Amino acid sequence: MRIKQSEFIISAVKPHQYPIDNRNEVAFVGRSNVGKSSLINSLTNRKKLAKVSGTPGKTRLINFFLINNDFYLVDLPGYGYAKVSKSEKDTWGKTIETYLSHREELKRIVCLVDSRHKPTGDDIMMYEWAKHFGYDVVIVATKSDKLKNAEFKKSEKLIRDTLKLTKDDKFYFYSSLNKKGTEELIDKLFLEFATDID
């Protein structure tokens, strides 16, 4: 599958702002600065589709991107940034929870973790949350270009053990810098929910 067209549609906070055209949705979620915007830009081959912020925790909205005029890629607010006030964290948490608990169009959640570090308590909570709501969950370990060849197995084991993944849970490494395996990752994340396949 190729992503030939990608378009920003709307930023939303409340359910009444979500798109209402009943297209399938695949949501991306992860800690602030895990490389979520870079990953979205890399997969869509658009340098500025998702804004890459130098300030962690700046994205507070749910952003909907229409892919191939067919389905939505949904960018959820980054979590876990220490310098944000508790009330702001609570607001973001509510925004994410409302979307996850009331969205029939949502078919899969892609949880991003940093391949160089052990998943945080927030990562564990987010993964468990996604599972709790019954969604198909895929783990993508970002920034894999920073790992030496010998470190991949150790990184995967640490992430799998920390999140308590089963053998059947889907796990992939990816680097937005070298873009190795972009087409394969696109297929694994989106193919079964696309209706217009090329």
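Cβ coordinates come from backbone N, Cα and C, glycine included.
These numbers come from a predicted model, not from an experiment.
Pulled from Swiss-Prot:
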- 22-195: domain 'EngB-type G' (DOMAIN)
- 30-37, 57-61, 75-78, 142-145, 174-176: GTP binding site (BINDING)
- SER37, THR59: Mg(2+) binding site (BINDING)
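It is 10 Å from the Cα atom of GLY30 (GTP binding site) to that of SER37 (Mg(2+) binding site). Highest Cβ count within 10 Å among the binding-site residues LYS36, LYS143: LYS36. Confidence in the domain 'EngB-type G' (22-195), given as mean pLDDT, stands at 89. Comparing SER37 (Mg(2+) binding site) with PRO77 (GTP binding site), their Cα atoms are 10 Å apart once rounded. DSSP classifies LYS36 (GTP binding site) as helix under the three-state reduction. All protein chains considered, the CB of TYR174 (GTP binding site) has 26 other CB atoms within 10 Å. Fewest Cβ neighbours within 10 Å among the binding-site residues GLY30, ASN33, LEU61, PRO77: that distinction goes to LEU61.
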